[in-house]
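Straight from TrEMBL, the features:
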{"type": "TRANSMEM", "residues": "6-27", "note": "transmembrane segment"}
{"type": "TRANSMEM", "residues": "63-85", "note": "transmembrane segment"}
{"type": "TRANSMEM", "residues": "91-111", "note": "transmembrane segment"}
{"type": "TRANSMEM", "residues": "118-135", "note": "transmembrane segment"}
{"type": "TRANSMEM", "residues": "141-158", "note": "transmembrane segment"}
{"type": "TRANSMEM", "residues": "185-203", "note": "transmembrane segment"}
{"type": "TRANSMEM", "residues": "215-235", "note": "transmembrane segment"}
{"type": "TRANSMEM", "residues": "283-301", "note": "transmembrane segment"}
{"type": "TRANSMEM", "residues": "308-330", "note": "transmembrane segment"}
{"type": "TRANSMEM", "residues": "345-365", "note": "transmembrane segment"}
{"type": "TRANSMEM", "residues": "377-401", "note": "transmembrane segment"}
{"type": "TRANSMEM", "residues": "477-496", "note": "transmembrane segment"}
Amino acid sequence: MFKETNFYALGFFAAITAVVLSPVLFFGDIFAGSDITQGLYPFVNFIDSAIAEGNSLLWSGEVFAGFPLFILGNFFNPFFAPLFLFGAFAVYHWLVFANVVLAGFFTYLFIKKLGLQFWPAVFGGLTFVIATYNWAADLSLASALPVLPLFFLVIFYYNQKPAWWKVSLGSLLVAYSVYSVNFNLLPILVVGVFLYSLFLGWQKKEKTLLRQLRLPLVVILMVVFGIILGLPQFLPTALFSSLSARAGGVSFQQASVDSLEVLDIGKIVLPYTRAPMGFSSNFFYFGALPSILFIFSWFVKKSSIQKFFLFLLGLALAVAIKFSPLFWLMSKLPLLDGLRVPGRWLFLATFSISISAAFGLHYFLRDENQELRRFFLVFFRRILAALLFVLAAFSLMLVLLKERSISFLKDYFLENKYEASSQLPIEHYFSVINNYYDQIVNSITLWQPRVTLPIIFLVISFFVLKFYQKTKLTSNFLVTVVAITALNFVSVLWFYHPTVSKADFLQPSQTVEFLQERGGRYLSFLPGFSEYQNLTVPYSPNIKDSIAFQKVLLPPNFSMLYGLSGADYYNNLMSRRMSRMLALVGSDRATVGEKLSDEKIALEEKVEMFESRQRILNILGVRFIISAYPLDESKFIKVLETSATRFNIPVYLYENQSARPEVYLADASIIIRPSEEEGYNLTTMLDLKDRDVLVECEGKCYSTTSRARGKVEVLEKKNGFWKIAVDSPDERWLVVSQNNLPGWSAVIDGEAAEFNTINSVFIGLPLSAGQHQVELKYHYPW
């Protein structure tokens, strides 16, 4: 029976989450983080638009010369079904809400099963919500939040009374994770649950090893069944991973980005602490009272379950920490060699801390701990006083010594670092130094709200605990602890996920309106670098400025928001072949290749190198270039000059009139054997003029030498479907400028036909002389 108190707990988590997410739930805002605006919003908007227009959901022609978006995960999330009724953004935000609420609620239920009462369990659930709130805006991460405590609950119940329906539920959780959760998190979930099953098996003290391992074997069975159920997602993802930069794993250096830094420990007190060095982007805040009571739990006599979660915490920290040998070992194992971001293992750490904090509150009330409470509060008072003194001293020092410190840093950079830099104008680097200094000041000075509020809650927490030490009013104390922690959550983390107006976000800029009217594939030249150099460094902008700049410059994936055709893409599983081509012409997001954006050369040289690679742009069919820098108008015709943000940053739109059309008959053709490396090298090195092509062919293929004289007409074009009429007086290769990736099928005059890779990336079909009707269709690639 679902107890009445559980409804109260569920209502509490729903209410507090609704408050903190109210801007996106009720007031027409959206999350403004770059991974959301450039990744997930375009993704769900594509699904919404495809449903509304009756297009294929499997293939988007609006990015990357076409790509199957479903292979990255989330696509088959069963809770996307309401998109049919409510639209992409509303469904996205309410799914975020549901995941956060259920994460807290399932943690509460699990803690109750561990023997704690209502209020400590609610406190533990709320701690987990606070500790994982950094993931809330990213639905691929937020979807994992309720899965972890629910999986622990399933294992707990199975251990009490084995039943096959519980195995089925565990398998469904694994399958749901395959379909809905960031792939890097699935191994983390499985490791946590498997270790818990080992602990429960060991605790039973069975006579034989096999009996002790029965529960871990059941977990393995759940995982196997879950992966089998998830094969429709797992198989194509594995297939496309083999075609991406992830094939063979990623380097340890790439994989260990965003490891936990030692100084991140300071975020327990000040969650917004940032600095150019010594800190990662990882979140490590649990709230004032949860942090204090978590530390208190260290000093009490611990049960075996508490010891297990402290072990799990230690293991997670050991994997997440920078230069972790454990993470290095995992990066060498099959199936785990593609894992990235060690800091994500903090997921297990936050769950462990939440449970330990709940036990800390439970033991704080115990009479036998009265002397320990007194000692602990004296210790905490001294630490708090020292912290306030240090923050006050640093605040004064950073302000009083600002001019002298900045002058020293500028002189040091000029003497020791400028020569090895890209040698942009010196004002650029001086502005960077000023911004970094201000960033540090804003992170730790007491008059900043993001510093003041966490400190205020630490002080309040001390007095609440001190008051209980004197009065022993248990019921009021427990309610007060949860209420203050809830207020702590809303007050301190209200700023964490910045939001902007959805209406403003979707309002087309001048560049969008121009491209919607004219059509044609576009490329944004150095979008990330442009934002950093032209906006971030000189102006220290707010998030609205950043979004306004992106709406004009249209970085990767923005094309899916406005129904445009973007050449670039933001996806870790993008194909190597196309990624390498885009890297040459200024893509910030290319995952592999000789990235022009990363060249350590002056900006002027990057622009010149880009202009010299016009031939690559022609082959890729890039008709328009959006640039924050002037380009050579003898090569690219300027068709629009506009400005971005309140700072009126100039942005230019150029037309590349020599770009190839999306569909055409090839002129001269050169035949080579199928080879990614040879295809890339020859396509980029040979002087393929006009509509000359390079054809990768295994068997007998004809080559052509003369200019094509036939006609091509696109009769129908939708996502993943082309119907083309061709009339040619001689044999020709028909080129369709869509990514040649697994899943395409071709029909010529009603009969299935073979096709080849053209110019390293596109689809090419051999046609005999005469009139033909060609159909290309994309389907599920397995």
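Note: Cβ is positioned from N, Cα and C throughout, glycine not excepted.
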Stretch contact, the transmembrane segment (185-203) with the transmembrane segment (377-401), Cβ-Cβ under 8 Å, 3+ pairs: no
Distant-in-sequence neighbours of the transmembrane segment (345-365), which means Cβ under 8 A and at least six residues beyond its ends: 107, 110-111, 114, 116-117, 119-121, 123-125, 127-128, 131-132, 144, 148-149, 185, 188-189, 191-192, 260, 282-284, 286, 290-297, 300, 302-303, 306, 309-310, 312-313, 315-317, 319-320, 327, 373, 465, 468, 474, 477-478, 481
Stretch with greatest number of CB pairs under 8 Å, the transmembrane segment (118-135) reference, 63-85, 91-111, 141-158, 377-401 candidates: 91-111
Intrachain residues whose Cβ lies under 8 Å of the transmembrane segment (308-330), provided they are six or more past its termini: 192, 195-196, 199, 252, 255-256, 259-262, 280, 282, 302, 336, 339, 342-349, 351-353, 355-356
For the transmembrane segment (215-235), sequence-distant contacts whose Cβ falls under 8 Å of one of its Cβ atoms, 6 or more beyond its ends: 70, 73, 75-76, 155, 158-159, 162, 167-168, 170-175, 177-179, 190, 193-194, 197-198, 200-201, 780, 782
